[in-house]
Amino acid sequence: MANSRRKLIFNIYIGFYCSAVIQICICSQFTSSSIDQFNKDLGAFPVAINGEIFPWHELRLPTMVIPLHYDLFVHPNLTSLDFVASEKIEVLVRDATQFIILHSKDLEIMNVTLQSEEDLRYRKPGRKLTVLSYPAHEQIALLIPEKLMADLRYSVAIDFQAKLADGFEGFYKSTYRTLGGETRTIAVTDFEPTRARMAFPCFDEPLFKANFSIKIRRESRHVALSNMPKVKTIELEGGLLEDHFETTVKMSTYLVAYIVCDFNSVSGTASSGVKVSIHAAPDKWSQTHYALEASLKLLDFYENYFDIHYPLAKLDLVAIPDFESGAMENWGLVTYRETSLLFDPKTSSTSDKLWVTRVIAHELAHQWFGNLVTMEWWNDIWLNEGFATYMELISVNVTYPELQFDDDFLDMCFEVIKRDSLNSSHPLSNQAETSTHIKEMFDAVSYKKGACILNMLKDFLSEEKFKKGIIHYLKKFSYRNAKNDDLWSSLSDDCLESDSTSGGFCYSDSKPASNTLTFLQENVEVKQMMATWTLQKGIPLVVVNREGRSLRLQQERFLNGVFKEDPEWGALQERYLWHIPVTYSTSSSNAIHRHILKSKTDTLDLPEKTSWVKFNVDSNGYYIVHYEGHGWDQLITLLNQNHTVLRPKDRISLIHDAFQLVSAGRLTLDKALDLTHYLQHETSIPALLKGLEYLELFYHITERRNVSDVTENLKHYLLQYFKPVIDMQSWCDKGSVWERRLRSALLKLACYLNHAPCIQKATELFSQWMESSGKLNIPTDVLKIVYSVGAQTTAGWNYLLEQYELSLSGAEKNKILYALSTSKHQEKLMKLIELGMEGKVIKTQDLAALLHAIARNPKGQQLAWNFVKENWIHLLKKFELGSFPIRMIISGTTSHFSSKDELQEVKLFFESLKAQGSHLEIFQIVLETISKNIKWLEKNLPTLRNWLLISI
Ligand code: BES
Ligand code: ZN
């Protein structure tokens, strides 16, 4: 359909081209009706910079010409901060045409020539082409005097140059400071999703896969890295060197990468012989060892798990000093923010270690999910990001079981539920056309919901079958592109008809695991089921009503902040229906019972009488459960009597669901709070922390709103209730991952609440640290707490800022910056913002996190918000609209608001941005979130107040 539309436009264009360039031919080209058509459509064509009509009006490129191979030469100058470059693109013409449309942004195109295969054979010089530029679509048109013939290959040569970009996109400059205080510059690329076009003119869409042969010219003090291993280095006159890299495998433009730097590296060899290296600025070399160990383990894991070799001979992981996101999976040359790759045993905490491990696991998973098999278009970016996030769980559980990542994964699902239960959410597979909209697709829904529904499907099919299915998918679509449906076909019995020869997976050819037997017999349509999770937004609520042995199930759309009695509730429910693979356990057996709830209501009969039923076993399903009648009371009694009867994750999910149901007006807050009473006896740390998280959240809400009586009582309650476990904590780094995380969480809370013993110990450690000139090693679990307490005096704050500048550890810098942002002095907070805007001491890459941190501080919330409003234009000069930092700045400085005045203020600001042409999905999310907060407080503040009065 899209193709035929494009061809039509092409035909119209021929007429137009004649009229614009060879005036007389117009009559012979068109019948009168087609001339009408042409005249009508003429207006639809945009105008190029030079005033001529640009021959293409769509954002997506035509498919008449496709790239096969790029020969790319780049010479960056790290002194003048620019680059000159040239490329030869070998293209195949699929339909005859008189123009080639390419992407290009902010590049100065100097010369373009075209050679046919015949020209090349007879060494005829290229014919010079006219170039038109249409910046609004980031496209250029190469006009061909004579038609390019279908099924023939041509070579397009382009000379171009540009400045190294200022921001974080395209081919940009990054700087770092050495121990000796010298500032050095490197040049690095970051292309996903649509920024390869800033580095070289190209067919910058994921479907246009091609091979790339890259050459980089550099000075001898630098090294050059690219996707592939280096083949040779040529010495040039004047001392310059030119590195030639092997030709890449077939891949999308957004995965191309190159770096010119003076970094050092450590290397090792994976079991398959792939050379793995970690690169970092010379003084940070000592922080690279953990990453090497982890990437070797993870690469081995993935090669085995997928039963597909990593196809390149080397894999480089590079810590970049200025990086917008967390990391980027360029094939063979993965780039990371320093804090996502480097591990400093002296200053990195267990959470930092888990983060580094996760990011490496995520980007290596992309080498298969994303690089080898790529989504056809950005609407299905969840196929990349959801899978890479899901694979973090699978790979880290096996390679680093001691990190106990499982419970974090569950938390991640809870995080996205918050977002997905707002009406402003979007389906996983969502339309995306403009660059801004495409960027916005990299959000919690694509990453987290994607991963959570894959985990649900795995639980439903059994890990073994799910794994076979995804291997089948990877093998079938290697070096190609895929869409939603292709994945489900690989996972369902459709594959019986498919052409799979190896790794083929079908229901009938593998023995079902016992717990999935019933479903296999029912011959479940995976595709049909998964369509309900990927094509409609939101999350279902399963309402359970038990009467004797009969369970009545009902599904509806779960809406956070919209109550059943609200007038809009009904309309928001219309046409929503999921195929929910529900699971449950009962008091009478340990077995996991399964059922697919495909209709609005359903009834199940229990084989025997039971005292309780718990749905969503281990919280593997992406749905919330409400127990009507006495359901919740029975579960609360059970938790109080013997909570260990339920599995730890089931306890976590009960706490989570109960508080979600409060926000949806389905459960009273005191009931949810009563549920937390058993926590005194809770033996699972993640469950304990989950309960604590909600109580802390309420503390922060009331503190921000200056509801002092409730804040004081909550403080009292928290310190009294958790005192035994707070007092048990020692100021060291001992214990399992969760013991260490409990220590960090409890001491952080205790010091935040001004608990005297905590403040005293932290002050003592901070003084010792200052006296030792920052040389004393403070246990990493409590480092942030000690710094935060230290930052409350002016001397401490100033000293921390000095240390911030000197520190070579990103993990430490993050902790210091957070501590600095907790100051109660507005002039200090303002100074931080100024430093962040200047981008020298506090790098621009950390500005969004800084503004977010300041906005979380009750003394900084207004400051941060006012700053954003007044400096929006300046912020947009630093980050692109739709980019992650811009979204983080918006939501980080507004979504905690909970009053009508604040809502009005935010609304007005968003209106003014829209009037200026900036429209983002996050605006609606924020407005809904604030409305939800207002409603929550109106409904629940009196209940919280009363509950506290009777509980302390
Ligand atoms: N492919 C992304 C990088 C990216 C993010 C490109 C946003 C374009 C827009 C990369 O694989 C990624 O997901 N990075 C994450 C880290 C990950 C561990 C969640 C990031 O940058 O936050
Ligand atoms: Zn990713």
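Here the Cβ of each residue, glycine as well, is placed from N, Cα and C on the backbone.
For the Zn(2+) site, TrEMBL gives H362, H366; the one candidate out of E338, E385 that the record lists there too is E385. Non-local neighbourhood of E363 (active site, proton acceptor): L317, A327, M328, E329, V334, Y336, A388, each in the same chain, at least six residues away, with C-beta under 8 Å from its C-beta. When Cβ atoms from all protein chains are considered, those within 10 Å of Y447 (site 'Transition state stabilizer') total 23, not counting its own.
Mean model confidence for the domain 'Aminopeptidase N-like N-terminal' (67-255) is a pLDDT of 97.
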